[in-house]
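Each remark here refers to the structure printed beneath this line.
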Amino acid sequence: MPNRRFADGEVVMGRWPGSVLYYEVQVTSYDDASHLYTVKYKDGTELELKESDIRSQSSFKHRKSQSSSSSPSRRSTSRSRSRSPGRPVKGRRRSSSQSREHKDDKKKTIQETNLALLKPSENNTRRYNGEPDSTEKNDTSCIILEQKLKPDLEIERVLEQYSLRPRKEEKKKEEIYSEKKIFETIKTIEKASSKTKELEFGGRIGTFMLIFFLPATVFYLLLMCKQDDPSLMNFPPLLPALESLWEARVFGIFLLWFFLQALLYLLPVGKVVEGLPLSNGRKLQYRINGFYAFVLTAAAIGTLLYFQFELHYLYDHFMQFAVSAAAFSMVLSIYLYIRSLKSPEEELAPGGNSGYFIYDFFTGHELNPRIGSFDLKYFCELRPGLIGWVVINLAMLLAEMKIHNQSMPSLSMILVNSFQLLYVVDALWNEEAILTTMDITHDGFGFMLAFGDLVWVPFVYSLQAYYLVGHPTAISWPVAAAITILNCIGYYIFRSANSQKNNFRRNPADPKLAYLKFIPTATGKGLLVTGWWGFVRHPNYLGDIIMALAWSLPCGFNHILPYFYVIYFICLLVHREARDEHHCKQKYGLAWERYCQRVPYRIFPYIY
């Protein structure tokens, strides 16, 4: 079996498939069975190459210097001999043979010069450190070259008509067209390489089924909560009449709520911050005023309650509100996909650019859809659904008091409302931290996030409060104290882990983070191996699961339905963890393998 020539981590020149162009790449692994090297280009693309398609940097530099030193002398020799009309026939033969050699050498020089243009600059570490790709510079150089060498149209027409164009100019024009063709080929290849190749959620079939399965799951859970016996054995639940699922007034209230939050989002209050760099190096700006929007919403709800507005109307028409939200999210998703078809390639989501309609519609085709400065994805992440979740919980609390003729809400209902209120306020207070999450930096805005933000979050996350209205559960003060401690532990892990990660991403050189140790990566970022991120790989997920359990425990153990959220959350986070592992392995390569060796547990210490 032949020995491998290039070692892991070695920086070499790799040929781009389907072309004669070589780029600087880093060897990440080698497959002994297929004898293929896995290499990583500076734009993050990973491909498998044969050994014959890889060359060392030293040989490339030698060839370039040798061709550049020999070309001028040969050109001057050919020029001097062509100017001597009195040379004998023998001399002319020698001149023609040397001319052929010069022609071949010149052709070789042009090819190597084209390769040299595409080679990275002397600062070899810039693009490994996350700076923009040099393809934009090449494109700009091509445009400038085209503008400089573009002849006047009238002169061009005369030269073509009377064949007055010198042979040198013909050759020069051919060289220009050759360079243009090379750059066009590069653009075509890069456009093809930006396509999403690895499909999640079961691919096209899986995403098609999820478009129907997710709304069906929400409606099933809400119908089960309304039954006297919400047992899983009591299936299927009684289906309401179709006409009772829709009411224009309810849909109007939902639209009023959505546009009220949009108006609060546009208020010129709060600081403006920049997000993480996009693939083209640009940074989008975001206004951080979610907490102000929450305070103003709370004031508006308090005013309505002061004037005797019956907020338990939400409980009485809960299913109709869910249907209205689902219908609106579907319309929004269709709009998002249609507008994404006109978006530039660089603005498409890396995970939602497969070319398959259903898959891209579900996962989101455009990364950051905006109407002017209004960012649709960022707005929906925290505003209508998350703040709506708190309003729904409050409506359930008032409905419980009215239905059961209580002067005070039950202890179980108070715990559920308090725990989830803390979670929402924390998210809005630390709104800036969401800019570093995968939802913002990687996932497009399609049906998955639109339905999740506007339907799943407010109507499934409030399941415990909705359950307690029809199935009151009494708990003692010691039990309530134990559940409160459990929620505080989960919240502490969740918040401190997220703060560590967000602060380190924003400013790794912060003196306050000097105690944290990390593994450097080829992208210029570091992987934390101390603190919470040295305890398990995803400590924020561990805190989430502990809090989800604390939210469900006040509902007792008579039925498993209130614990659906815990089961769902564990499944969701395990899926996200697997997806994060895959992306991090591709992104960080050998550094991620070293990190996994240092931190072997994923979510649960000593278990998983």
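Each residue, glycine too, has its Cβ placed from N, Cα and C.
The following features are taken from TrEMBL:
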type	residues	note
DOMAIN	4-62	domain 'Tudor'
REGION	52-139	region 'Disordered'
COMPBIAS	66-75	compositional bias 'Low complexity'
COMPBIAS	76-95	compositional bias 'Basic residues'
COMPBIAS	99-110	compositional bias 'Basic and acidic residues'
COMPBIAS	124-139	compositional bias 'Basic and acidic residues'
TRANSMEM	201-223	transmembrane segment
TRANSMEM	248-267	transmembrane segment
TRANSMEM	288-307	transmembrane segment
TRANSMEM	319-338	transmembrane segment
TRANSMEM	449-469	transmembrane segment
TRANSMEM	475-494	transmembrane segment
TRANSMEM	515-536	transmembrane segment
TRANSMEM	556-575	transmembrane segment
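Within the same chain, residues 411-412, 415, 419, 422-423, 426, 532, 539-540, 542-551, 553-554, 556 sit at least 6 positions outside the transmembrane segment (475-494) and bring their C-beta atoms closer than 8 Å to a C-beta of that stretch. Per-class residue totals from DSSP over the domain 'Tudor' (4-62), listed helix then strand then coil: 9 helix, 27 strand, 23 coil. In the predicted structure, the domain 'Tudor' (4-62) carries a mean pLDDT of 82.
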